[in-house]
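Per Swiss-Prot, the feature ATP binding site maps to 10, 11, 12, 13, 14, 15, 125, 134, 135, 197. Taken from Swiss-Prot, the feature AMP binding site applies to 31, 36, 57, 58, 59, 85, 86, 87, 88, 92, 158, 169. Per Swiss-Prot, Zn(2+) binding site is recorded for 128, 131, 148, 151. Annotated region 'NMP' per Swiss-Prot: 30-59, in sequence order, evidence recorded as sequence analysis. Swiss-Prot lists 124-161 with the feature region 'LID'.
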């Protein structure tokens with residue numbers, strides 16, 4: 001099963017991707033992680049990406065697509081994958097379709113959450129400075145305020161999670177992603193999921209939607 005998971009910041013993509021990966025026994029591929037791995041391992045594409053990043057420039061599509069393609073060709077992806085964070089543009093989506101021409105995507109899942117709810121979720125998020133574990137002051141608070149349950153690390157709010165920045169991030173995301181949503185809608189593989197339900201209900205809805213596409 002080859003699935004793309006889409007949704008704005010704060011929609012819970014990471015949580016759902018991990019759950020789906022376990023349930024379907026396919027890898028969760030977060031593009032940020034494979035980028036960092038390619039750079040740290042010093043692969044040809046990783047070196048190329050690093051040269052752009054060091055210069056403060058956007059990494060060109062052909063390099064991004066190359067890094068994703070390298071990962072999708074690994075043996076653990078033969079039975080499928082959950083792709084999180086890619087594609088971000090229609091150009092990237094078209095290139096991905098070419099890469100997957102023999103085994104096309106099963107579904108593109110979009111976790112839909114209202115703007116107000118997303119701002120509430122993002123601005124309440126707190127991260128552990130030591131281990132990076134994520135909490136929420138309202139939905140998933142730590143046992144002791146401001147302290148991580150795992151390692152007693154200090155919890156902090158990321159700069160891009162304050163309310164004003166969260167609003168800006170959402171505007172940019174929604175504007176850039178709309179053409180991608182339409183692209184997968186036109187291809188007949190888009191599945192919109194109500195992301196305002198509990199994580200367990202969202203997971204069940206995603207599972208039902210992707211299994212119906214098999």
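Residue numbers in this text run from 1 along the chain shown.
Just so you know, glycine gets a Cβ as well, placed from its N, Cα and C.
Most Cβ neighbours within 10 Å among the binding-site residues 86, 135: this distinction goes to 86. Within 10 Å of the Cβ of residue 12 (ATP binding site) there are 17 other Cβ atoms, across all protein chains.
Within 10 Å of its Cβ, the residue among the binding-site residues 31, 57 with the fewest other Cβ atoms is 57. In sequence order, 30, 84 make up the list of same-chain residues 6 or more apart from residue 14 (ATP binding site) whose Cβ falls under 8 Å from its Cβ. With DSSP classes pooled into helix, strand and coil, the tally for the region 'LID' (124-161) is 3 helix, 13 strand, 22 coil.
Counting other Cβ atoms within 10 Å of each Cβ, the binding-site residues 88, 125, 158 show the lowest value at 158. DSSP classifies residue 57 (AMP binding site) as coil under the three-state reduction.
Taking Cβ-Cβ distances under 8 Å and a sequence gap of 6 or more within the same chain, the neighbours of residue 151 (Zn(2+) binding site) are 128, 130, 131. Proximity of residue 148 (Zn(2+) binding site) to non-local residues of its own chain (separation of 6 or more, Cβ distance below 8 Å) is seen for 128, 130, 131, 133, 135, 142, 154, 155, given in sequence order. One way to see the shell of the Zn(2+) site is to take the Cβ centroid of 128, 131, 148, 151; the remaining same-chain residues with a Cβ within 8 Å of it are 129, 130, 132, 133, 149, 150, 152, 153. Recorded residues residue 125 (ATP binding site) and residue 31 (AMP binding site) have their alpha carbons 22 Å apart, per Cα-Cα distance. Within the same chain, residues at least 6 positions away in sequence whose Cβ sits under 8 Å from that of residue 59 (AMP binding site) are 35, 49, 52, 53. On the backbone, the CA of residue 86 (AMP binding site) and the CA of residue 12 (ATP binding site) stand 16 Å apart. Cβ contacts within 10 Å of residue 131 (Zn(2+) binding site), excluding its own Cβ and spanning all protein chains shown: 10.
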